[in-house]
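According to TrEMBL, the disulfide bond annotation covers 19-112, 66-118, 67-120.
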């Protein structure tokens, strides 16, 4: 199990509560930066945010970071990336690359979760419910594009919680 958690070249170790996960944040950021303007230009509703609701990711307790991170990666893999298709093959390739990175990290967090090192407290559950409510308040495509366009919010939060 520890073999999967060891970093490879360019990876950094992230601590989410009791879980440690290696990931290439630079690779994810580079992919997102390449498509950010394109994705955000597709967002017709600029007054609403899915991830930056006042309580969403702010002040998450250290013990809840693993749980909410696992939930967010599952959310992005299962709901967001599936509905982010464009007519631009370059953008689609970048989305696919980011999705694959998220799938890998989700697997690693899932292993930690299964070992009962990733406990979901009431606070993280409520914060995630708010994110889902924000997402479900929009049509599927708009919500997916908005969530993808807000990926830098999630990445910034993860880097701050390292």
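Each residue, glycine too, has its Cβ placed from N, Cα and C.
TrEMBL does not curate its annotations; it predicts them automatically.
Note that the structure is a prediction, hence the values are computed from the model and not measured.
Nearest by CA distance to residue 112 (disulfide bond), out of the disulfide-bonded residues 66, 67, 118, is 118.
The CA atom of residue 118 (disulfide bond) is located 7 Å away from the CA atom of residue 19 (disulfide bond).
Long-range neighbours of residue 19 (disulfide bond) (same chain, six or more residues apart, CB within less than 8 Å of its CB): 66, 109, 112, 113, 117, 118. Between the disulfide-bonded residues 66, 67, 112, 120, the minimum number of other C-beta atoms within 10 Å of a residue's C-beta occurs at 120.
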